[in-house]
Amino acid sequence: MKVAVEGCCHGELDKIYESISYLENKDGVKVDLLLCCGDFQAVRNEGDMKCMAVPAKYRHMQTFYKYYSGEKKAPVLTIFIGGNHEASNHLQELPYGGWVAPNIYYLGYAGVIRYKGVRIGGLSGIFKSHDFKKGHFEFPPYNPETLRSVYHIRNIDVFKLKQIKMPIDIFMTHDWPRGIYHYGNTNALLRQKKFLRQEVESSTLGSPAAADLLEHLQPSYWFSAHLHVKFAALMQHEAKNNTAPKITKFLSLDKCLPHRDFLQIVEVADRPGSSEQLEYDPEWLAILKATDNLQKPTCNFWNPPQDNGLHSRWDFSASEEAMMEVVSDLSGDLCIPENFSLTVPPYDPSQPQPHALPAYSTNPQTTELCATLNLTDIYILAGQSGQIYGERGGKGATEEEDEEDSTGSADEPSDFPSDTSGLSSSYNPDEITIEDEWEEEEDGGVGCGEGKGMDAVVPEGQVGSQDSDRDSSPQRETAKRLILPAPCAKPKTEAPLHSLPRLSLPPPSACVSQGSSEEEGAFTAARVPKRTSGETTQSSAGQTGGTPQIKRRNQSIYTAVEDEESDS
């Protein structure tokens, strides 16, 4: 089958689909599938833009809202992962993946699905060592720290992916696997991106977590983006168990701009007789069920179970029996239901609302999947955790939880001791760099981290001390039995969707990233400091004038001709 691969989307769906149509007519082919490697920007309305980690000058509605509202429908089945410029409040509704619009599917924090028998997996976000060992604790309204940390990948998701034993055909990450540049034309890469030389020569460019997954999964194809350059590589893996060594074809593509290599069609062998619809992957769903109790919505460090004598179980790979149980849970039907529904009002160009506050809601797709497989909605779990932590004075966790979550972590080195992701001295002038390049201004509009607009659909579940057994914790039980409003019957409706129940939000996350807001330090194994109630009060008082606007240092770098072209 013909698979179109896109680098960074940046919300330019109209242009991408037009480019695919042009290639189809030019080459006489029919594209079966589009894969987008992050920075998708599924922005539904003006409120979503305030939950996207880009400076205000780069916040543009683009064209996704047309596909969300039903004005248009994607002409090609589209699958995407998240990057570091996303409408995070939208994607957090779908931690296990789901439809963001008809015919457009998000893979979630991590996921594996099937199309025409081809196994397609992905990992959303980018790697930052200081957040890697934390749980998915972020919950809107975001503060300036969580607005960035929310898209950092976590070891729980990497751990789940490392339980996969069956072959993967295609895998996607936003940032590159560390070291992959040594398997392609490195000199040509450095001629195009001279600022990468230091990190390439020191083998510190890219994600060590992705490199770990590349070694474990050894997929046939690996697609990435992030660096805004086309680069291909061919990696031969070491032979295992007396079998022939596997080969991974790596391809990274540019962002969607004129005269840039942002799209390429790849021919992938499908499996005759396989379903023409997207399908769940039984092995992956069995892994999700097995690891459900490992979810910890905390900003304290957590290490996955290991065969070190401290854990009763460390292998969460899927047995044949577990996979058959998943198939039974789905009543034998692996086809992913086309159950998209609106959860917030779409953008209306005739009635712009530039001061609209972000809206937050649970998603019926996630609720349905969790009910079917008895999974925990990570988004709700984080929200419940935020409520509990907020009522404890914003300290982030009790002493018991802190002790439990940091066991085996506080005194251990990083999983990737060579990681220098916080020490990168190079910058990509072609990238809208957010990490630690923000400076505050005195005046500013309302942002997602301000803590206003507390009208999200969030469960009010029982609040109390957590038991040591996480299976019986109030927040987990509430997360599993939350009853959602009925989804919209049509993709486009006259009603403004204000009929959705509105419940109180927890306060903004009290956890503070270990990296400085000015310059990220190297990864340390120190325990995450807690914020005292006094600090929380002071922070809240400082926000009464509205969340400060953000600007970058070195603005002159971003006035390149290509950016002017993109603005036009």
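Just so you know, glycine gets a Cβ as well, placed from its N, Cα and C.
Annotated divalent metal cation 1 binding site per Swiss-Prot: CYS8, HIS10, HIS228, in sequence order, evidence recorded as similarity to another entry. Of all the Cβ atoms in the protein chains shown, 24 others lie within 10 Å of the Cβ of HIS228 (divalent metal cation 1 binding site).
Here Swiss-Prot flags 124-154 as region 'Lariat recognition loop'. Mean pLDDT for the region 'Lariat recognition loop' (124-154) in the predicted structure: 96.
The feature region 'Disordered' is assigned by Swiss-Prot to 388-568.
The compositional bias 'Polar residues' feature in Swiss-Prot is assigned to 417-428.
The annotation compositional bias 'Acidic residues' is assigned in Swiss-Prot to 432-444.
Annotation source Swiss-Prot lists compositional bias 'Basic and acidic residues' at 467-480.
The annotation compositional bias 'Low complexity' is assigned in Swiss-Prot to 534-549.
For SER568, the entry in Swiss-Prot reads phosphoserine, with the evidence type experimental evidence.
The Cβ neighbour count for CYS8 (divalent metal cation 1 binding site), using a 10 Å radius over every protein chain in view, is 30. Long-range neighbours of HIS10 (divalent metal cation 1 binding site) (same chain, six or more residues apart, CB within less than 8 Å of its CB): ASP39, GLN41, GLN62, HIS85, LYS255, CYS256.
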